[in-house]
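According to Swiss-Prot, the features are:
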BINDING   ASP24, LEU25, ASN26, ARG39, HIS62, LEU63, GLY64, ARG65, ARG121, ARG161  substrate binding site
BINDING   LYS211, GLY299, GLU330, GLY359, GLY360, ASP361, SER362  ATP binding site
Amino acid sequence: MAVQTLDDLLNAGVEGRAVLVRSDLNVPLDGDRITDPGRIIASAPTLKALAEAGAKVIVTAHLGRPKGEPDPQYSLAPVAVKLAEVLGRNVQLAGDVVGQDALARAEGLTDGDVLLLENIRFDPRETSKDEAERTKLAKALVELVGDDGAFVSDGFGVVHRAQASVYEVAKLLPHYAGKLVEAEIKVLGKLTEEPERPYAVVLGGSKVSDKLAVIEALAPKVDTLVIGGGMYYTFLAAQGVSVGNSLCEESMIDTCKALLEQYADVIHIPQDVVIADSFSADAESKIVSVLEIPDGWMGLDIGPQSVRRFAAILTSAKTVFWNGPMGVFEFEKFAAGTKGVAEAIIEATGKGAYSVVGGGDSAAAVRQLGLPEDGFSHISTGGGASLEYLEGKELPGIAVLEG
């Protein structure tokens, strides 16, 4: 990777210097309880290394999708508490993004202190389509760290977005890739440069439209492309089969039909599914052939026959990339497909395969289903960023580090 890394910054010396770090702390919340702290834990090594080296660490991050103004339900307060616990040191939380409180706290930092700015998306300039507005916010962030400050990009989950705290700020300060971003790019490089074969990709999730670009990019390059999740039913409909009340994108049917024809030897789809009479955890459910989904019923998971077939493919693979659950794993009745596929990937990894879980819901499923995280070679923190990288798109937050 042709960028300077955290090690380069640490070697140059950070004691007494303020360092702005863009982390990805966008964790799921239930009220003010963090249900999956994975991204906080993944962000800790960079922050810890800087604090231990005597830097004044100023962290900026977002949570959820506030509408460009302060909103208590998206406050980083619970994140600050968890981050302090993970780091084993006090974390101050500024009452604003780049306002009076943030400035006063930044000026009062001593070596090794950590300051978390309030949700960066409380400021509308962060996601503005106007570059001049984003640059104004970036300059305000730079003011917090001063003339001898530095910027560390460690939020892999946002590097595919040209936002003020990801892109513009890197143009204004000496910039470095944090440990997490550096590791993620190395991992994705292994998937794209010369993956060991057979190379299998597993894609799930609800919409074909969300995954179309990655399907089109990967289908010509991989040996096997397994498709499950809600998006599968559009592929099923493309074969002229009734899908009942299952999720189906009518506008994508012709596209799915063309993909199935062009990549008949590569794309593998379920043969049986678990259907339900309603979308709920306690719905009546049954296992049926994909040709027998009754009207009024919906597919919420892949069936056991499909799990066995996919497992046979995956356990013989040498490289596996997985993005998206096979079913509604949040409901116990419809979690077996996701769990079975994940266990097959773990088995392949144990036999020497290189496996990557592509962030988002897949990573959440691994944790919720109690699967060992170290059973995979790598669990990415950035679902969207991973997919865009594999699609061959330029990631603005990476490109700017190379400049």
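From the backbone N, Cα and C atoms, a Cβ is placed for every residue, glycine too.
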Using Cα positions only, nearest of the binding-site residues to ARG121 (substrate binding site) (GLU330, GLY360, SER362): GLY360
Assigned element (helix, strand, coil) containing GLY299 (ATP binding site), judged by DSSP: strand
Cβ atoms near HIS62 (substrate binding site) (within 10 Å, other residues, all chains): 26
Inter-residue Cα distance where the pair is ASP24 (substrate binding site) and ASP361 (ATP binding site), in Å: 16
For GLU330 (ATP binding site), nearby residues of its own chain (Cβ under 8 Å, 6 or more apart in sequence): ALA281, GLN368
Between HIS62 (substrate binding site) and GLY359 (ATP binding site): CA-CA distance (Å): 17
Between LYS211 (ATP binding site) and ASN26 (substrate binding site), the C-alpha gap once rounded to whole angstrom: 22
Residue with minimal Cβ packing [other Cβ atoms within 10 Å] among the binding-site residues GLY64, GLY359, GLY360: GLY64
Whole-number Å value of the largest CA-CA distance among LYS211, GLY299, GLU330, GLY359, GLY360, ASP361, SER362, listed as ATP-binding: 24
Among ARG121, LYS211, the most crowded of the binding-site residues [Cβ within 10 Å]: ARG121
Length of the line joining the Cα atoms of GLY64 (substrate binding site) and SER362 (ATP binding site), in Å: 18
Per-residue Cβ crowding (10 Å cut-off), top of binding-site residues ASP24, ASP361: ASP24
Candidates GLY299, GLY360, SER362 (binding-site residues) - the one closest to HIS62 (substrate binding site) by CA: GLY360
Annotated substrate contacts ASP24, LEU25, ASN26, ARG39, HIS62, LEU63, GLY64, ARG65, ARG121, ARG161, maximal Cα-Cα distance (Å, integer): 18
Cα separation, ASN26 (substrate binding site) to GLY299 (ATP binding site) (Å, whole number): 30
